[in-house]
Amino acid sequence: MTRGRIRAKFRRSSLYTFATCRRPHTSDEEETTCLPVQGPGYSRVVQCNQPYLHEIKPLKYCTNYISTTKYNFITFIPKAIFEQFRRVANLYFLLAAALSLTPVTPFAPLSVIAPLVFVVGLSMAKEAMEDWRRFVQDMKVNLRKASVHKQDGTFGPMPWMKIRVGDVVKVEKDQFFPADLLFLSSSYEDGICYVETMNLDGETNLKVKRALEVTQNIEDDSSLKDFSGTIKCEDPNSSLYNFVGKMEYDCKVYPIDPSQILLRDSKLRNTAYVYGVVVFTGQDSKVMQNSTKSPSKRSTIEKQMDKIIYILFIVLVVMSVMSSIGFIMKTKYDLPNWWYLQVPDHEHLYDPQQPLQSGFYHLVTALMLYGYLIPISLYVSIEVVKVLQAHFINKDIHMFDEETGTPAQARTSNLNEELGQVDTILSDKTGTLTCNQMDFIKCSIAGIAYGTLPSDVELAAAEQMVMDMDGQGKRGMPQSVEKGCEFVKSDIQLETVVTAKDDMLKHPIKGFSFEDKRLMSGNWFNESTADNILLFFRILSVCHTAIPEQNEETGTYTYEAESPDEGAFLIAAREFGFELSKRTQLGVHVRERYPSYEDPVEREYKVLNLLDFTSKRKRMSVIVRDENDQILLLCKGADSIIFERLANGGKEYLDVTTTHLNDYGEAGLRTLAIAYKKLDEAEYNAWNDEFNRAKTSFGSDREANLERVSDMMERDLILVGATAVEDKLQKGVPQCIDKLALAGLKIWVLTGDKMETAINIGFSCSLLRQGMKQICIAVNPEVFVSNESSVEEGILKQITDGFQMVKQEKDPHAAYALIIDGKTLAYALEDDMKHIFLRLAVECASVICCRVSPKQKALVTRLVKEGTGKITLAIGDGANDVGMIQEADIGVGISGCEGMQAVMASDFAIAEFRFLERLLVVHGHWCYKRIAQMICYFFYKNIAFGLTIFYFEMFAGFSGQSVYDDWYMLLFNVVLTSLPVISLGVFEQDVDSEVCLQFPTLYQQGPKNLFFDWLRIFGWMANGLYASLIIFFLNIIIFYDQAFRASGQTADMTAVGTAMMTSVLWAVNVQIVLTMSHFTWIQHVLIVASIATWYLFLLVYGELRHALEVNAFRILLEILAPAPIYWSSTLLVTVVCNLPYFAHISLQRSLNPLDHHIIQEIKYYKKDIEDGRMWSRERSKARQKTKIGFSARVDAKIRQLKGRLHKK
């Protein structure tokens, strides 16, 4: 294809009055006014349409290939080995494996080296498998196709990874930009295009970009055949909002500013196509500059496990030193008398003449002999358990999104237990909490409220009150209150039934959830305030910047609006009978069903001026001339801004509208005030002349002049009414946030959106609520320029004052929200202020950071993680969230429709935010308790087993002789006790998933670390010490000097060792049975199989030739099995070993039960089925006190309703 598409003649840039679309100067004036592009940081040179020049020095730049993997084919072996030997135990066993090749080893080398190779190899294989998944997802992005110029005026497909600096790329509507591009031209005549940057900064509204004026006349593919130019610009950096550069083209120099740069991973919208030249590729692109390398994350439990191993290693060294001292004494004083034990000793391992040297050799032997205190199979068992846990997370049908067919994905299994210990969640907003859709639900016109559908908050509050009243009964209630309660119950129940019925009958309209017959189908003609209603509808249909697009098949219109709010207003206006049908260079056309609803009339409103919405202005206005030649200013904006601009005669409906707005706010709706004023010709002309002078001026004061002139016009307004739209959160978001809040988690929102949008979202998802006190920390933009030195002091004062206010609060129900913008946050994150800022943030119920860059998101996450010392979880869906996802202890990516960058950088991926509830409250809770109990049990069984070897040394003259056969010791951890403990880590449940969700406060057992604190760890160690004493000394006492066979023989070392090992296996397996709360057939089989395998091994081993060499021939069949004392000693030792733990859990459940103990008892006796009221009461008692979330909002509403009832 050599020709481009027909270029649209509509010059959209005329719609905008502020700086976004300001055209640049040209020629020499530009060259003198633009910043010089030279020196350090400004060395990049790009030869347009000559990409081959950038593959050789000095212009050799990186490729467009991107990677988020931890390893590559070269670094895998060294990096993975380093990861494995960061673990303390593995280092110890590596040393032991080396020493096993020397004469001092008490074991055969194979018995030491084989387990280490198996453990490390399995762990490395798991790492390779997980990194391979990341590589596959990277390649999905790298192999995306882009249309690239072929040097002959034609374009062809090329994978993203092969795009080079200097390539000219053609991007079509709804495609992502494959690299950072300099915008050359678009399908529109004036070089305008619309870009969605949600992946970069979280903003949903479209950004207007403009091409270089000198290149905007490139109309089709063939025009680029001979195109060339040189770009000189800044070096790669992470600033998304700044760009300094110039382009040399046709012997002239043209400045380049940020509005001409199209960033990688943003999306082209509302524009057929654009041409751009590649400036930054791959890791040099701004989105990748904002990301960091995939970090190696280790869970808190694993780090604490290292400390336990340090403690055990110290115990091991102490035991070895004691053993070595004993050996020195025996060698020096007793060995000369034991002439019958002396054998050739060429290595001087036990030389009475050199006892210290022999003692040193024995120290090495003892370090290896007692090494069973440190479980080598612990790490590999944990790896197996975590992989199986991750498999169950992946296969959880309740986290499968049917709409997109996307399951949950545990991209790394190293952090499963961290999911159960999260303290703070840091969430992106756009695409994570919201789905970028607004629904028009209520409005207030001329002091009359319209819209009958109740909000979710109102319904939930009423239902909770009804439940409370039913639960309490009416005993002791005053009769008036009782009647009031009956009224509330019947009213709400009736409203709920009617609403549900209407919802089933009516087909939903996207963006419009309004219901009120007074305004629908032309019924508003009969209202007493019909003139105001007409004006209200006209403002909705005219005051905007949207562009209608007609569907040729259906004839209906869709609207491409800069924000979801505008789209919802236009859909509402259409449903009310005022349909925007056309926008031209001069105005808008609206099909009005007025004065007759059946016969629509198309009316044109000539747009004279458009005063844009900005975060500072908090309003937008349009000045139009209607068909009656009347000039009108139509305005919509934040109520606080509009109300202060009302004329004295325009406040007729102010009080009642304010009441309605407060009600809408309590219901979690986003509100705007609607106003207008009439202008006479002379007044308008005088203002317009001044406005045009400000608009066409250049210099640093242009924006201030525009704002000043706009403010002059937007005065003396007349209030018409207000709108209330529901910000369509993703499905289940409010309920998920509520459940997480009840689970005791803190939630921060970090968004690139403007403050107002973020605050409204906060209200929608109940992070903010009516009555919550907001601490807004912001600095006027002018201050940053005019008085930079005092900015930091002002911010510090705001933070300090806010902290004092929170600390001095007396009301127990009072809740504070901290809201801060990006510019202010940059100061708050500096070293001298960040800890004060964090103290304030931690004291607040919710924190919202607005207009933050990706780097700031990562810095805030790091501050919370390091400043609080608690587990953080970051969740997002776009490339702008990658930094914080990688910085947090746990990163969760939303696998939405906006690319896969967040998923590729994440540890866990889910399809929607609502699945985070189950991921944390169910899987997180289970995984934490499973891993914690598993590790504690592992140390218990190894201490119980390993110390018996030490005790025997004291009876064997510290000779280094083990009471157990080498094969017993090799099989103990790897085979005989591995599967039951793995089943504990995979299948254990204190309560089922439904109970986890009904009692979210159970989650707090993780953040409080109830099951892996030092008290519990040392308790399990003490249990292991006790078991080792019982196992060894009871067996020694029983077998020491009495005959145990019918023929009168006493037990030899092999018989005692085998009996002792039998007791160990029975004791530790009964212990794991007492530890488990939830049994499946798998656990029964594995525990029984563990013991059965031991007896089967003894049968087989006793028949082998090797058994003759170690005096174990038919050890079970002929020696132990026929002896009753063998079986009775096993039973006695097993019972005595487990009595203390049994007594402990019995007393705890009786006297000081934990939450899950109570729930288990209720479930066991089926009280949850037989006594629903008691079950509800227990659920209510177990709720974590929270000041955010739906429940907090409902509680506040209940307090309000109860207050009203008592007043009545």
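Positions of Cβ are set from backbone N, Cα and C atoms, glycine also.
Whatever TrEMBL says is automated annotation, not expert-curated.
The domain 'P-type ATPase N-terminal' annotation in TrEMBL covers 46-112.
Feature annotation from TrEMBL assigns transmembrane segment to 107-125 (among others). Sequence-distant contacts of the transmembrane segment (107-125), counting only residues of its own chain at least 6 positions beyond either end whose CB sits under 8 Å from a CB of the stretch, comprise 80-81, 84, 90, 93-94, 96-97, 100-101, 368, 376-377, 379-380, 383-384, 966, 969-970, 973-974.
According to TrEMBL, the feature transmembrane segment maps to 308-329 (among others).
What TrEMBL lists as transmembrane segment is 360-382 (among others). Distant neighbours of the transmembrane segment (360-382): 87, 89-90, 92-93, 96, 99-100, 102, 104-107, 112, 115-116, 118-119, 122-123, 302, 305, 309, 312-313, 315-317, 319-321, 323-324, 327-328, 347-350, 931, 934-935, 938-939, 941-943, 945-947, 949-950, 953, 958, 960, 962, 969, 972-974, 978, 981-982, 985; these residues of the same chain sit at least 6 beyond its ends, with a Cβ under 8 Å from one of its Cβ atoms.
According to TrEMBL, the Mg(2+) binding site annotation covers Asp428, Thr430, Asp877, Asp881. Here the Cβ of Asp881 (Mg(2+) binding site) has 36 other Cβ atoms within 10 Å, regardless of which shown protein chain they belong to.
Among the features that TrEMBL reports, domain 'P-type ATPase C-terminal' is placed at 903-1153.
Taken from TrEMBL, the feature transmembrane segment applies to 938-955 (among others).
Same-chain residues lying 6 or more positions outside the transmembrane segment (1017-1040) and placing a CB less than 8 Å from one of its CB atoms are 308, 936-937, 939-948, 951-952, 955, 1050-1051, 1055-1056, 1059-1060, 1063-1064, 1067-1068, 1071, 1125, 1129, 1132-1133, 1136-1137, 1140-1141. Annotation source TrEMBL lists transmembrane segment at 1017-1040 (among others).
When Cβ-Cβ distances below 8 Å are used as the criterion, the transmembrane segment (1055-1074) is approached by residues 937, 940-941, 944-945, 948, 962-965, 968, 972, 976-977, 980-981, 984, 1023, 1027, 1030-1032, 1034-1036, 1039, 1044, 1087, 1090-1091, 1094, 1098, 1112, 1115-1116, 1119-1120, 1126, 1129-1130, 1133-1134, 1137-1138, 1141-1142, 1145 of the same chain, each at least six residues removed from its ends. Marked as transmembrane segment by TrEMBL: 1055-1074 (among others).
TrEMBL lists 1081-1104 (among others) with the feature transmembrane segment. Within its own chain, the transmembrane segment (1081-1104) is flanked in space by residues 967, 971, 975-977, 979-980, 982-984, 987, 1058, 1061-1062, 1065-1066, 1069, 1072-1073, 1112-1118, 1120, which lie at least six positions past its ends and keep a Cβ under 8 Å from the stretch.
Per TrEMBL, the feature transmembrane segment maps to 1124-1143 (among others). Long-range contacts of the transmembrane segment (1124-1143) within its own chain (CB-CB distance under 8 A, at least 6 residues past either end) are made by residues 944, 1023, 1026-1027, 1030-1031, 1034-1035, 1038-1039, 1042, 1044, 1059, 1062-1063, 1066-1067, 1070-1071, 1074.
Sorted by the number of other CB atoms within 10 A, the binding-site residues Asp428, Asp877 start with Asp428, the lowest.
According to DSSP, the secondary structure content of the domain 'P-type ATPase N-terminal' (46-112) in residues is 30 helix, 2 strand, 35 coil.
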